[in-house]
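Enquirer: Structure in structure tokens, see below.
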Amino acid sequence: METYDIAIIGTGSGNSILDERYASKRAAICEQGTFGGTCLNVGCIPTKMFVYAAEVAKTIRGASRYGIDAHIDRVRWDDVVSRVFGRIDPIALSGEDYRRCAPNIDVYRTHTRFGPVQADGRYLLRTDAGEEFTAEQVVIAAGSRPVIPPAILASGVDYHTSDTVMRIAELPEHIVIVGSGFIAAEFAHVFSALGVRVTLVIRGSCLLRHCDDTICERFTRIASTKWELRTHRNVVDGQQRGSGVALRLDDGCTINADLLLVATGRVSNADLLDAEQAGVDVEDGRVIVDEYQRTSARGVFALGDVSSPYLLKHVANHEARVVQHNLLCDWEDTQSMIVTDHRYVPAAVFTDPQIAAVGLTENQAVAKGLDISVKIQDYGDVAYGWAMEDTSGIVKLITERGSGRLLGAHIMGYQASSLIQPLIQAMSFGLTAAEMARGQYWIHPALPEVVENALLGLR
């Protein structure tokens, strides 16, 4: 039986752990899917490449507003797809080749799960191909998978998820998206901008319900002018109609469409690992970790979607850096270890308009009993926003009265994911709203002035 110093399950952020410090250690890397994980292959990177194409199309369609006549002759979907995966697929292949060429690394390309802990304390790992090996330390970085509602599964109807929809052979005329979160909002934007009719089936009353209420309500209102929203509805059955689908909703209505995209969230892969055999605790579907990313089993760490509630690549990367350091420390030597910092975890939704957030929502701040000040600033109130003729972009800031401490920032509009970065920095380094507003120059007439004005408007 093969024996290793370290085994890593998953090649997303977990694949970044083995650097030159591990050259003397024998390692196993286990990956059942495409090398590189969700972000590289079916998540952050390809989706943003599709979003960029959508932004180009949207800009062309809106050009007449600025005195420029332009139109789209056609969308060459094959070329859109080829541009994306012609660049991404070679990265996955070269990443696997790089690991296979390392003299101290073996790659296992099937699903891997835990077996019983060995008498010497080493962890037994088993692959679906029948291979068995042991490791002294294990990193669980097995990621997550899409959630499919039971009614859709039971119906037997054809569906896509974010894992598959970017490789469809041709653009549909009409797509139905079941879901209301980040993934649903981004793909609604992509397909709509490329000329596809979009219908969203939403269980609640609004899109992006995890966002601050102001953002959620305004975004849903904007979305309703572009996409058909079926709110307070669930799919109860479905049928295949030729190459399309017919979905029956709980109000008795039927929606006919060419393609169904299920975007109802993702779930940790912790339940697929037989983690209990290794003494690894799993709660609410996720591997439990402490601030050092240690699990309940000595020598076993976890990171990313399999253990984190955030399901964000930048969080997984941060946790991977923590694990990378702590693997080289004695298990009990927490003085030498570093801890994860999840105080201010930002997120962005690359939809239209773009959305970004960090910290508390207004409702969360109120629920904590904090005395708060809130300011909402329109993009159109500053020179660059006025030049753009922007009528929907906003910056919403929440601070604690008295201390001026920034509690939350929520932005909807052009380049929201970039505009929010200095606010993340201010929160991380303890700057007050006043210090941030008056302690630096703000370039005029640049769009970040909307952040400056929001800061100055706080009382």
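Placement of Cβ uses the backbone N, Cα and C atoms for every residue, glycine included.
Residues or ranges marked as FAD binding site by Swiss-Prot on the basis of similarity to another entry: Glu31, Gln32, Gly33, Thr34, Phe35, Gly36, Gly37, Thr38, Cys39. Summarising the annotation, Swiss-Prot assigns disulfide bond to Cys39-Cys44. Under the heading active site, proton acceptor, Swiss-Prot lists His444.
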Enquirer: At a 10 A cut-off on CB-CB distances, which of the recorded positions Cys39, Cys44 has the highest count?
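Expert: Of the recorded positions Cys39, Cys44, the highest Cβ count within 10 Å belongs to Cys39.
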Enquirer: Reduce the DSSP letter at the residue listed as 'active site, proton acceptor' to three states and note it down.
Expert: coil
Enquirer: For the binding-site residues listed here (Gly33, Gly37), which one has the lowest count of neighbouring CB atoms within 10 Å of its own CB?
Expert: Gly33
Enquirer: Going by DSSP, is Phe35 (FAD binding site) sitting in a helix, a strand, or coil?
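Expert: For Phe35 (FAD binding site) - judged by DSSP and reduced to three states - the answer is coil.
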Enquirer: Measure from the Cα of the residue listed as 'active site, proton acceptor' to the Cα of every one of the recorded positions Gly37, Cys39, Cys44, then give the nearest.
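Expert: The smallest Cα gap between the residue listed as 'active site, proton acceptor' and any of the recorded positions is with Cys44.
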Enquirer: Under 8 Å Cβ-Cβ from Phe35 (FAD binding site), six or more apart in the same chain: what's there?
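Expert: Sequence-distant Cβ neighbours: Thr11, Asn15, Ala92, Leu93, Gly95, Glu96, Arg99.
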Enquirer: Count, for each of the recorded positions Glu31, His444, the other C-beta atoms lying within 10 angstroms of its own C-beta, and report the residue with the smallest count.
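Expert: Output over recorded positions Glu31, His444: least Cβ neighbours within 10 Å is His444.
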Enquirer: Roughly how many Å separate the Cα of Glu31 (FAD binding site) from that of Cys44 (disulfide bond), to the nearest whole number?
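Expert: Cα-Cα, rounded: 19 Å.
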Enquirer: Please report the distance from the Cα of Gly33 (FAD binding site) to the Cα of Cys44 (disulfide bond), rounded to the nearest angstrom.
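Expert: That separation, Cα to Cα, works out to 16 Å.
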